[in-house]
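Annotated features, as they stand in TrEMBL:
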type: COMPBIAS; residues: 384-397; note: compositional bias 'Low complexity'
type: DOMAIN; residues: 37-180; note: domain 'Potassium channel inwardly rectifying transmembrane'
type: DOMAIN; residues: 188-358; note: domain 'Inward rectifier potassium channel C-terminal'
type: REGION; residues: 372-397; note: region 'Disordered'
type: TRANSMEM; residues: 73-94; note: transmembrane segment
type: TRANSMEM; residues: 151-175; note: transmembrane segment
Amino acid sequence: MLARKSIIPEEYVLARIAAENLRKPRIRDRPRKARFIAKNGACNLAHKNIREQGRFLQDIFTTLVDLKWRHTLVIFTMSFLCSWLLFAMMWWLVAFAHGDMDPSTESATNSTKWTPCVTCVRSFTSAFLFSIEVQVTIGFGGRMMTEECPLAITVLILQNIVGLIINAVMLGCIFMKTAQAHRRAETLIFSRQAVIAVRNGKLCFMFRVGDLRKSMIISASVRIQVVRKTTTPEGEVIPIHQVDIPVDNPIESNNIFLVAPLIICHIIDKRSPLYDISAADLALQDLELIVILEGVVETTGITTQARTSYVAEEILWGHRFVPIVTEEEGVYAVDYSKFGNTVKVAAPRCSARELDEKPSILIQTLQKSELSHQNSLRKRNSMRRSNSIRRSNSMRRTNSSLIVPKVQFITPEGSQSASET
């Protein structure tokens, strides 16, 4: 405003604004790292510069199953349509070579001397309709093949064989696309966030997994991998270095009974890549934990696999999942509205290595949490007492205000009479 009124030169105002902008610290967000596995389990990987494209045609069935639905439906339609047109051309050539297309043969057809290869085939349209009848085995009865031409019999056998092959391949492709294993994985859910808390005196990495269907996953097993960028002592950079980490499971076969949501636990010990990471270092780590759940579908017997991943921003330190399984009227009920809910608990902020070297840190943390819990209980009790005292005082005040005072009436004789109203 001052610059517009020419009280302060405009050049001075612009210079001052530029100087203030230079003094302000510029906070730039850290570029978000690309995930190797998305939350829905899809692999975030793009294949480029593939020169040997012919390898996909060697396994044509798998290629057809991997295509999108619109491409599969187009191929399904065009395969039948092209086969009908191809054999229609062959039937037309057979009829043309035998002379069935000659108009002069129409009068001779009624006589016993002339027998066409295929009756009522005198144009390409009728040959196309006869091709559809042969391959789909409709058989309307208007057009039929005779034993006059051995070549026509050969074409009939060839078309039946090709039609059966097309039916087997395309119908099998449609069935496999509708019964793919990843369709069953849509009802296998993981918690949106993972937690790190103390369990049995050890820091543990935990997440929750559940199945929404009543049909179970047989022989279900869970694997956890850490994907991070590492550099070898020789200077080789490995952009996607995968390390398996063990899962705490008391069963030796490592199979889980996924009848209700379970909390999968990984103990952070010397074998774990999270052994040297503290709560302050977690946000700075460039790592991704991939969770893979494998099992056999009970209804179809097909092996399915569900995947998800957790980056450093999705791991809550010092939290624990709330219980969601309760017993109601003799039935175990699962409340999926609390599936990903967590509660804050006492946990040391140091790494697992420091916790192993100094076990007193855990004891001090638990003692502090116990003291804070007792103090909070005392505050709540004192607040309840004060509230009860205030309520009692207010009750007394209201009761005293309801008491009616005594009123004295003076009679003309001078005598006083007290009465209460």
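The backbone N, Cα and C atoms fix where each Cβ goes, and this holds for glycine too.
Taking the domain 'Inward rectifier potassium channel C-terminal' (188-358) as a whole, pLDDT averages 86 in the prediction. Taken residue by residue, the compositional bias 'Low complexity' (384-397) breaks down under DSSP into 14 helix, 0 strand, 0 coil. Shown for the domain 'Potassium channel inwardly rectifying transmembrane' (37-180): DSSP residue counts in helix, strand and coil, namely 89 helix, 4 strand, 51 coil.
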